[in-house]
Amino acid sequence: MAAKIRAHDWAATPLGPVETWPAPLRAAVNLMVNAPECMFMVWGEEVTFLYNDVYAPILGPRAPGALGASMRVLWGDVWDSVRGPIESAYRGQSERHVEMYIQMHRYGVPEDTWWTFSFTPIYLDDGRVGGAFCLTNEVTEKIQAERRLAREHERLAQLFEQAPMFMAFLSGPEHRIEVVNPGYLRLIDHRDVVGKTVAEALPDAVEQGYLDLLDGVYRTGEVYAANSAAYAVRAEPGGPVHPRFVDIVFQPIRDERGQITGVFVQGVDVTARIEGEAAMRALDAHSRQVIDSATDYAILATDLQGRITHWNAGAQLILGWSEQQMRGHTTERLFTEQDIANGVAERELLDALETGRVVRERWQVRRSGERFWASSATTVLRNADGTAIGFVKVLGDRTAERMAIDALRDSEARLTALVSASSDALFMIDAHWTQMRQLTGTGAARDSFAPIERWMARHIPDSDQHRVVAAVHEAVTSRQPLTLEHPVRRNDGSLGWSLSRAVPLFDAEGKLHGWFGAATDITARRDAENRLRELTASLEERVRERTDELLLAEEKLRQSQKMEAVGQLTGGLAHDFNNLLTAVTMGLDLLQQRIAAGRYDRLERYVEMARSGASRAASLTQRLLAFSRRQTLAPTAVDVNQLVDGMGDILRRTLGPSIQTHFQLASPLWRVLVDAPQLENALLNLCINARDAMPEGGQLIIETHNIELDAEAAASLELAPGPYVRLGVQDTGTGMSPEVMERVFEPFFTTKPIGQGTGLGLSMIYGFMRQSGGQVRMASRLGHGTTMQLLLPRLDGAEDALAADGVEPAALDPHTRGEVLLVEDEAPVRALIAEVLGEAGCRVTAVADGHAALEYLRGAAPIDLLLTDVGLPGGLNGRQVADAGRQLRPGLRVLFVTGYAANAAVGAGQLEAGMEVMTKPFQAAELARRVQAILAPSS
């Protein structure tokens, strides 16, 4: 400890560097460190703590950081107990406390401890007190041992008081009566004898020679014993005499030097037995009546040959035979077959004749054949002149006591065998986990109870003590079994692992009086687990590598399948567009030939053929845009119930009379933001598919419902959690196989015969729903029909008119015909649109890109309408041109034309007021009407 004190950083403590310490402090520290006693000291107002090597084990887990700490903090749990003595020492007053009780928390749980200690002031050179010495000694084990001894004494005293025999302690040669028990008081008729000599208290015993017998025992040291000794009790001189018969023993009492200091008297009052035996000898009518009335004992009399002559009611109750059944039979009936074969019954009678009385315990037999454990006393019956004429046997049923003894013995044997056979370390712990003892194979304690903190300090590594203490504290608080795996330091210093388990032990009243535990060495198991963990980690690394390889191969396969799908899609598109272009090309060729030949009849036929082909091509591109989620949508707030009601007639006509249609519409139903015509087309398409799946007729249910998707359900559908409206179509048709369901949304996939379907219907519905923020959910089983559900997100606060706020378009002069700025990069399209607008009466300025349009917009020329393509070259698209134009000319009207997607013009939200969209291709008349409507004078 001296080296530790020298090496400590005292500059960081209130004491400061060692070289600045006052001489009394250095002298006190030197004295403490070299003292063989358990000592510590405190110094200064901060009560800085220092201690010696003998004191160190008391600190336990507090040892790190204890040196130089404030005792108020270090021993905060006991500060209230020791503050008074310390303050007295600081006032110059020494104090000593003997066996003082202090409750501590050295290991995280309450611990009852006792200490003998003294505090002595340490004076500075100027006479002031600088600190205090404490000489301390823990006496917890001594106090606990004394208390255990006191409890043992208390139990012995209880046994002494409750014993059925009589007992007395006599001291000195005059035989002074020191202690007597209730049995002794009953024997002497409750006379006041304690503190008196035998001669003073029991003159009747002196007269009968018992004082001489006591003198002999005291003088010689030899034990005196007598059976059935007569003692005539006379409680007071001249009073009545009460005869007693006793089995008595006088035992000398010796001190530690072997000197006799007194006599211990003990015995049993056998008066009742002797009188009973005498009564049996007389066998008068009154005696027989008394004997027959006894039912707790079987009392029977026999002649010298053992033949039964008398049998009382107790014998009939215990043994089962009546007196008439047993009279004349020998007592062999009461013995087991083995005892009969061994001649036990005859030998019992012979022993009684020889000794006068035989007491035995053995198995006896009832009339039913059941064995029971009995205690019996067989006494010789004599006539008036002392001649033996028979025997009296008194027998009691002791089966219950024997079973209890056997059960206890078996329990002890099993416990001993368990402890001996167990490879675990078994231990007992007191109720508060402050004392423990380990058991040996014999079930006895290997060591007496010892402080558990010593065992923990020796066997639990410092880094794990806090966790172990916390687990113990939890078990003690909850009174629940403890199970804990922890490192353990073996006796040879090596580290292992232990699985410690402990269960609480409760008495009959539910009071916790201790713990029984077992500790299993699991070092080998932990080592195996560590090796398995390392092997698993290596295996996981190999699995990851293999998984990465498989994912790479899977990605390559997916890319290959994607390219194959793209090839199928482009092949289908090429086929359909070649057919449509053939109609357009041939119609135009024939038209050209007819005009060149001057044949002007039936020209409209070829124009219609070309226009029809072009219209069908436009329809095909709209379907592809829907599938790719790029079609132009006009979403509004829609009540789906009203939409379904409005389609009722057309649906019934489309489905025909063989299909029964049922509508199950929820009310109220939330509104949704969706393109109503597209939703109508989707519903009609689903109903047509259902009709085609029921060629023999069936039932079709159209239902709506409000639903809430939680996080899990929404994730499975690739949607955001929240409220949705469900529009469902359920049929009783042929259903679909799992293989068909996997491909049902693929473009150009169809199960219908050639010419009856394009294979784009469901893929278009899927694209439309995803573009609208919703999803398609499908369920089907072959032969059991199909259910298709469209999910659309609820629109909160939706209104029918959803136009965004913005600057109202500027009103036109009612006399102007319209100044139009046309922006189109394709020259033929630009020329055609300009011609159409010119025919409609507009003045058109046409430019080829966004930069040229901006230059024109910056000028002063009037512009009533900006008509622009969305996809433009040169870095500025149509929407950017429109936004810049509106900054230059607020309220400028804009018409977007696009052959790809409305999203490029609309963005994520809605178009502002005064902006509209047309999707290519369109007819000249449709364009003219749309422009004239936009340029119409504002009301």
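Using the three backbone atoms N, Cα and C, a Cβ is placed for every residue, glycine included.
Where the annotation comes from TrEMBL, it is an automatic prediction and has not been curated.
Worth saying up front: this structure is predicted, and the values here are computed from it rather than measured.
Each residue in the domain 'PAS' (283-356) gets a DSSP state, and the totals come to 41 helix, 12 strand, 21 coil. The domain 'PAS' annotation in TrEMBL covers 283-356.
The domain 'PAC' annotation in TrEMBL covers 358-410 (among others). Residue counts of the domain 'PAC' (358-410) by helix, strand and coil are 12 helix, 30 strand, 11 coil (DSSP-based).
TrEMBL lists 482-534 (among others) with the feature domain 'PAC'. Here the domain 'PAC' (482-534) is broken down by DSSP into helix, strand and coil counts: 12 helix, 30 strand, 11 coil.
A mean pLDDT of 82 is what the model gives for the domain 'Histidine kinase' (572-796). Residues or ranges marked as domain 'Histidine kinase' in TrEMBL: 572-796.
Residue counts for the domain 'Response regulatory' (819-935) under DSSP, split into helix (H, G, I), strand (E, B) and coil, are 49 helix, 27 strand, 41 coil. According to TrEMBL, the domain 'Response regulatory' annotation covers 819-935.
Note on ASP869 (4-aspartylphosphate): other Cβ atoms within 10 Å of its Cβ, all shown chains, come to 25. Residues or ranges marked as 4-aspartylphosphate by TrEMBL: ASP869.
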